[in-house]
Every structure is written in structure tokens, then in C-alpha cells.
Amino acid sequence: MGTIHLFRKSQRSLVGKLTHEFRLVAADRRSWKILLFGAINLICIGFLLMWCSSTNSIALTAYTYLTIFDLFSLVTCLISYWVMMKKPSPVYSFGFERFEVLAVFASTVLAQLGALFILKESAERFLEQPEIHTGRLLVGTFVALFFNLFTMLSIRNKPFAYVSEAASTSWLQEHVADLSRSICGIIPGLSSIFLPRMNPFVLIDIAGALALCITYMLIEINNYFAVDTASAIAIALMTFGTMYPMSVYSGKVLLQTTPPHVIGQLDKLLREVSTLDGVLEVRNEHFWTLGFGTLAGSVHVRIRRDANEQMVLAHVTNRLYTLVSTLTVQIFKDDWIRPTLSSVPIANNILNLSDHHVIPMPSLKAADNLHPVTSTPAKPSSPPPEFSFNTPGKNVSPVILLNTQTRPYGLGFNHGSTPYSTVLNQGFGIPGMGATQGFRTGFTNVPSRYGTNAHGQPRP
């Protein structure tokens, strides 16, 4: 039998959770204005869609899609208020700021999909152009323009305001900026309105309304119905060009990339951190955009063994907190141990040497047995020395260091006892720890440098 939970909470459905969160947002007085504009927006969209059907104008339909985008922006503004009310939870430890990023990304992508739909419908209309009725065309244009501008200028939409300033400029903004510089050169008082760059949403609303006014005049004068399709294509291209930089910027935030404009500042702060007292290394640093204007990051800091962890943590956090609001710092002390030689068996965690090692010790015999010119014994029966200097005599007693540790390498070498018929020159024969002149290997199949060749025959 399973466990019986007497006071188990009932699980809410998705609709129940959404209803609960909507009531939480609606309880705030700041959201009442947004809800009012949302209701008016729905009514306006309904009228515009009816006028699009009666006029048979694809250009007015493309302009109506901008009003639908205004509805998405109002929903994004509500999500922004909801994010400010919510606190981080164990599931969402960084908070809910990424929800408004996702809302901006979804709104801009849906606007671009609507523009692609208009382009497809316009391509079909070029083959068979229908008749356009201008009865409600101009009325629908001014109603949509008034409501769009009134919504954009009356409600402070924090997510879209940030994205429109942080994202790269669209081609429409660049062309209008060039034109504005020429106009402001004649009338300097307009520089505060047109420069440095206009609001992209206001710009596209005005440009779309201007295209519809030109369409209305040409149809009324010459019955030139193809201009309606051309205006629809122009509005769709302006919509796509305006929304694309915003969707790219919000998409990079969702992918947790580092903003390009803060990379130089982060590098400067990391260099300052690496010069702090006790800090040996700064590694595994990763910084990303958590939300609009919010940076998060993590970094590993290696410090000296005698350094104060809390002091270093406080200094590192103080340096990086000016730019990174959500920061995770992992402090670990240096655990590197200098390997040393000893006459006792070597520990497994210090060195990993071969089974036997021969370390020559200096001869303790009296100096009168040595030749005054060379260091070899001056006996007439001894063979000629291999070197004219620094060659140990035959009475040198080797010291053997035993190590029962097995080598973890499977290289196929013959690990046996080191042949003691060979001796080492001055210095140690351990790789990397002394002179290697006259080094004798411990492998039986490898030819010696001054002994025998590969076939065991003495060298001349």
C-alpha cells in the first residue's frame, strides 16, 4: 500500500494557475490602466478587421497587424508587473525576469510571422488584383494610427522601451536618421524630436499611415488598385525590419550570452580581481544576461593556503558587484605540494616513479687513490676511463630507493629491476630533477648510450 497523505494539497490545473496569477496582477492599481487599454484594443481590432473585409484592402490588413502587436505589448507590460511582484523560489532561484524576455521575443516573432503572411498574400494579389473600396479605408487608417500612438505614448512599457534602445537600429531608422540630419540642419529646433533616433514603434505607425494615405489618393484619382498591394508589401517589410533586431537581441538574452558592450568592462574587473592580495588565479568565469539590464555570473578563485577566505570573497564580490548584480563566487585554496626526495619509501600521492632507482653517492675513499689529473683510480690494471673527467670509480656504492607502487600506465614496457651494471653520471637520473648527462634507462630492451648496442655487442 502507498503512503496516505491526510493533508495533501490539491493540484491546480494550468487554467487554475493562470487565473490565480491574473488575479494577483489585477489586484495592483497600476495594472488597471493596462487592462483598460487592452479592452479598448480588442474593440478597435474588431472594427478594423470588419473594415478590412469591407474594403478588401490588404494594406489596411497589414496596418491592423500593428494594432494586434500593440495588444501583445500590453500583455508584455502586464507580465513585467507580475515579475516585479514575484519573488525567487527554489525552482526559479534567479527570479522570473526571463519571462518578460520571453514575452518580448514571442511578440516580435509573431509580428514577423504576420509580415510574412502579408507578403505571401500580396504575391498572390499581383497575379489577380481585386477591386478596392475606399469607403472605410481612410477612416480605418486614422483610427488605427490614433490608437497606436495613444497606446505607445500613454503606457510606459519597460521591456520594449529597453529593447528598442539596446537593440541595433533598423534600416528604417537609419534612413530616417539621415533625412532628419538634413532637416535639423535647416531647422535646428527639431533635433530634440528626430535625433539621435526616433522610437521605432512610433516611426512604423507614422510610415504605415502615410503609405495608406498615398494608397487612398491614387485609388481615388486613377483607380490604381495595384498600389494597395505595393503599400501592403512596404508595410510588411517595415514591420519585419523593425522587429528583427529586437527579436535577435531578446533571443541572445534567452541563450545566456554575454552582452558585447560589457565584455571590456568585465575583462578590466577580472584583471583587478587577479591582482588582489592572496588571489593566485581566476578561472571558469561565466557571465550572462539574466534579464533586461540584469547580469548574472559565476567565477572560481584560487587563493593561497594562508589567505583569509572571507576577506578575499568580500573583496572579489565588492569589485564585481558594480557590474554583476547576481554573482556566485567559489573560493578554494591552493592544494599543490612540492615533490621532495627522501631516503624512506615515497608516498603514493607525491611521486610516481619506477620500481627501483639508482642514485649515485659521492665516494668516501681517500683522495690519495685518485689520479691528480683525472678522477678515476690510478691503477695500472684498470681499463681506460670512459671520460677524462667526472667519471665515478668502480667503488661507488649505489643507494637503492624501493617503491612498491605500481605504475598505472599500460605502455607495454618491461618494468623490471634496473640493471646495476650501468651507473649514472654526476647528478640525479630522475627526469626533470637534475642533470641528465650519462643517463641510463631502466628498460632492458633499450640500447645504452655508452654501454652496449641493441644486440648486446660492445661498442667500439
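The backbone N, Cα and C atoms fix where each Cβ goes, and this holds for glycine too.
TrEMBL entries are annotated by machine, without manual review.
Taken straight from TrEMBL:
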type	residues	note
TRANSMEM	32-51	transmembrane segment
DOMAIN	35-255	domain 'Cation efflux protein transmembrane'
TRANSMEM	63-84	transmembrane segment
TRANSMEM	96-117	transmembrane segment
TRANSMEM	137-155	transmembrane segment
TRANSMEM	201-219	transmembrane segment
TRANSMEM	225-244	transmembrane segment
| Maximum Cβ pairs under 8 Å to the transmembrane segment (63-84) - stretch from the list 32-51, 96-117, 137-155 | 96-117
| Contact set, same chain, for the transmembrane segment (32-51): CB under 8 Å, 6 or more residues outside the stretch | 26, 60, 64, 67-68, 70-71, 74-75, 77-78, 81, 136-137, 139-140, 143-144, 147, 151, 154-155
| remark: Residues outside the transmembrane segment (201-219) whose C-beta sits under 8 Å from one of its C-beta atoms, at least 6 past its ends, are 57, 59-60, 62-63, 66, 73, 132, 134, 137-138, 141-142, 144-145, 148-149, 152-153, 160, 164, 172-173, 176, 225, 227-228, 231, 234-235, 238-239, 242
| note | Within the same chain, the residues 6 or more beyond the ends of the transmembrane segment (96-117) and with Cβ under 8 Å of it are 62, 65-66, 68-69, 72-73, 75-76, 79-80, 82-83, 86, 88, 159-160, 163, 236-237, 239-240, 243-244, 246-247, 250-251, 253-254, 290-292, 294
